[in-house]
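**Student:** Take a look at the following structure, please.
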């Protein structure tokens, strides 16, 4: 009779010898990469060979982009007036006319962006101040709790609530070339996913901008949120404090040296926090907008790799080290008595 | 000794069992302290040393060392095995003898009293400290105190308590509390960075994984508890023995046990089937010792027939404790008080053997039994790497605090600079304009002033940057260690076929310590040697018989005896010398023949071996298994059996020996057991021819003094010469003598023996004197040589360890000569070595010899070399230090320790002989306290327990001497030689894997934190996270967890073959090459660069573009995951298909997760991934980030590997390219002796 506890007695005569398998003996077939000079040089050259062309391509793509940037917030305000008071007042005439010269031919579509600098759309108070549920479904109109302090007006829920919507950008631009109006296409500037799912087609703006402090643009209460594309664009909060947002598209080519007249309604108050407002007209390529950084970066990395490959080859020729040579082992290297 | 003066409780001379004996052996206190302090921690080093100092060592040590000093090594050659077994105290020495013609009453004679020392002195037990057990009256026994019932419960939880208790226990880990605090912080509305649910996710995940594991383990315990509790036992109810379930047994009940039953609880024996009240128990489940122990019922109760006459009495015993070798109680029965000791109690878990039945009264039940109190798990140790890791964790938390401070201070500055604009700022809007206060001002919305804002920002940043402290690392490490343990257990090279034992991992958290060992402290007996004594040769009256031939299993049947129509055969076969065999078999009465007969008779009779017969497949044949506490005696009895003197039966009063086919019955008239003063034992036999003979066997030194020198000087001289030659080949020797007692001598002995054994004071000394009187004027019969067989592969293993730069110290209880001879045979000592021997009697002489030795050592080993001594390079003259226990008494715990350390660290080999168990721990502590070097202790016996627990890594050999060492150890294995694969292969791998994993985990989490931190600088320090909450939580659970665990378990730098071929490669772990502060800082610098590359490349590429938060966040998420996984891929040394699956799978899983998250319209970043991934810029960014982030690391790696290759790299290259010529050269350069252990 064997005792129940401890059961240290070897059970019968069964061998406890572990079964042999390549796995348990840690002898699975494996690839053992070693950084041989061949491998190292190949790697570096390969990286160089791939990166430099990509860099050149992106650089040229970026160079092909034609871009007009015009900062207007400074000039569109009478210098004799206090900026904040001017912009906050309902009475003042905020129309401002700017003329831009097209440096090179711009093929359509020409994208119109407004650019804000020093505007922290990624500020945590700001980002959180919205109610996605409310935006999607008219039944959730009362779900305004995350929207404080822009949640309710006279105890009625604001739709869309929150700081993001409240601060909607409301400068407008009108374009004309030599007296001819350029039509601006403002359709499909927002993401389809936002239009179709995130913003409800049955949610209509309510009590919007009715509070004591007006933050920005107003909304037409007859149009559902899903069709208010400016709002949709605005509410895709930007990742960085300097950002552009799509305003619209000009669906015709702009010739070089043409002068474009822009009539700006300078409504948006960026003066309160030292923000900058810019109007941007830009064409686009596969790389996006004008940005040479990526191209330069790729070329630098590629060049560096090629340089290292050369260095390594030279070093290998000058002072080769035989691989796997036991005479390099530390206990063989130190002669005794040392 | 003070105890000697204490009055006895009850002087009852005829009472068998000798707890009344007042003699407490010299080292009883020491033993007590071992059993009481089973776990000396490093902090109590002083304690241990003082205990060592206090011991008055047994005289033999001093005697011995003096003789050693005077005559180099000639005089003391042999020794009884018994003297080495100071702690094998379980063996009870008292033998009984049925005096047959001489006495009517059953009586027992005993002469040795060591074991009684354990019962402590005869202290009166205080009533408060005692428990009262009314025999056969469980109701009364249990009315006052509710003693534990006998149902046991090893399970920790019940269904109801599981949740709260498990959670409570899990939160004992500091890491989890950190987790919890962060999660709670996140629940505060002002601080909520992550969604509430999301932030609890990691904690919940970890808790539930552990809970499921615990629940499963507990379920299994519940099951085994149930089986155990429902076993049946015979319990006396209403004067009838009835079957009762174990769980219903109560303290005070009388229980009857039959042969081969296991005991349901701890009980005091009342009577047994043996008329003298002896019961044999096997304690294998308790301490693993397989030999039988004798336990006694008291004479007062033995006489009663319990079923017929009602018994009542009171046992007053000590409170339950865990000391399985101690028991102290007294029993009032029939108005008499009888004292009870450890030999009167049988413990739960033991099995009754060789006794038809035994009846006892339950005194401890259930969880209060000694077995249950002792069933605690392995001690938990912390690995060196983990301790070092904690240092870096503290640095990381400084980083964390620094980052949080930067963010919060910047946030404060920002608020201050914009304080006028805050009210109207569209993205801040400090004022809540919806409600006007009474004074016409507006209330602040969610704004609490600079101080609080800064404080909140700080807390928020702690929440965001929480993964800086890699909590997942703790979980991954545990998983990796489980994997490593799995591989170690499954290693076929560490399976011991002879004991059918696998490698055991008892402690899971110190696997990687195995890769950093610098000192190995090894026990000798049972560790280096097999502890299997084999009779090798004999010198009988001056004739040397050592022509033993190898046993041929098939041809040689060996000796067998016919008893009752059955063939009895000894279980073990012994090599026999044919010449001696023929002499033994011849019936001639010539001088030599009769001496040979007497010699073997002495071997067969003069011992305490119990023969047990076991069945075999053939019903007519039974095997005789000799059970005894001393392997030497076993060897001798087996040898005698092989030569035709087979011990068949041993009962209380006689032994039966089959002599060449005739069964002879000898009355055992008296037995003087071995003690360490006399160093011999004797038995007085009444032979069939009515002569009375005394046979004595003992160590040569003690025997030559009692041998009649006037007789046979030639024989004496020849025997001495043989003894010398035996011991020089490493044999253990015993000298055997005898004489015939005349009737008057016998009577004189008998009367003095009785007087002595009933004496009140100084009984042990009197008994010793009686023994000395009778053990005199002996005629020498001869000497035996027993081989203490070295375990297989020990010399090769020691050679490998030495080449690996591990210092092997041997600590043994053996004598100096034996230790040195084993040292030579195990190649620990070589002839080129200069030996420094220190054996001194006083502190002053110790000081002097240490000083001398230091000077010598400085001459031989200059300082510069001493520093490199660990490198394993062979110096001109390596040093070996041999030191004995007496000297250590003076050196340890005194200012001489430092000198000893200095000396020992210069020596390649240190041999400590004659050391007591606690001294072993003291020696380990000597190294442990003075250096940072990792120590490993390996041993197999109870005497190694203290050393095993003291060392950083304790290894138990599951061998002959029981399981105590195994129970105390961190790892257990079958053979000493497994140390080589364990350390050199598994230890190396474990260390490399874990150390890389720690660094990688630090890096992995820090990269993420730095990316988050950079972004915080671009959000006006408000800690908006671009990555989704889910992604940052899943980061360490799904995105990056699996590859590090897979690599941590499977990756290996070098093959087993290479590691065994170049033991020096082990040095990488000793030099902490895998994980150190430099590597940590290098990694952190790399981390900063990589995080900068990951963050700024997209920022610059997307600067002033229409990119939204979520899109960029997804890019960063993917970039981090790809970079981190490729970083790992770059460092993987061996690509298995599993590795491929884990790394590429993780990256793919991340893409899938990101897509899924962006498909949920309820989340903020709906569809963002698909928008941003639709542009070429996104993919170019990913590619650029990956290359730019990893390039510096790759370059550094390439160049450092090319110009400063380390040993591991070179060996890896050799491994891969199989550069055969180079390898062959290497071998010649390395060491021609080395022969890689067989696989």
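Keep in mind that glycine also has a Cβ here, set from the backbone N, Cα and C atoms.
Copied straight from TrEMBL:
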type	residues	note
REGION	B:1-86	region 'Disordered'
COMPBIAS	B:64-79	compositional bias 'Low complexity'
REGION	B:98-121	region 'Disordered'
DOMAIN	B:133-198	domain 'P-type ATPase N-terminal'
BINDING	B:523, B:524, B:525, B:633, B:674, B:697, B:732, B:812, B:813, B:814, B:914, B:920, B:943, B:944	ATP binding site
ACT_SITE	B:523	active site, 4-aspartylphosphate intermediate
DOMAIN	B:966-1205	domain 'P-type ATPase C-terminal'
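Please situate the listed features within the shown structure.
**Tutor:** Classification of residue B:732 (ATP binding site) by DSSP places it within a strand.
Other Cβ atoms within 10 Å of the Cβ of residue B:523 (ATP binding site), summed over all protein chains shown, number 29.
This prediction places the mean pLDDT of the domain 'P-type ATPase C-terminal' (B:966-1205) at 93.
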**Student:** Rounding to the nearest whole angstrom, report the longest C-alpha distance spanning B:523, B:524, B:525, B:633, B:674, B:697, B:732, B:812, B:813, B:814, B:914, B:920, B:943, B:944, listed for ATP.
**Tutor:** 30
**Student:** Which three-state DSSP class does residue B:674 (ATP binding site) fall into?
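**Tutor:** Its secondary structure by DSSP: coil.
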**Student:** According to DSSP, how is the domain 'P-type ATPase N-terminal' (B:133-198) divided among helix, strand and coil residues?
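**Tutor:** Counts, helix then strand then coil: 36 helix, 2 strand, 28 coil.
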**Student:** Taking DSSP three-state, what's residue B:813 (ATP binding site) in: helix, strand or coil?
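**Tutor:** Assignment for residue B:813 (ATP binding site) reads coil.
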**Student:** What is the Cβ neighbour count of residue B:732 (ATP binding site) at a 10 Å cut-off, with all protein chains included?
**Tutor:** 27
**Student:** Go through B:813, B:914, B:943, the listed binding-site residues, and name the one with the sparsest Cβ surroundings, counting other Cβ atoms within 10 Å.
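**Tutor:** Comparing Cβ neighbour counts within 10 Å for the binding-site residues B:813, B:914, B:943 gives B:813.
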**Student:** Would you mind pulling the DSSP three-state label for residue B:943 (ATP binding site)?
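**Tutor:** DSSP call for residue B:943 (ATP binding site): helix.
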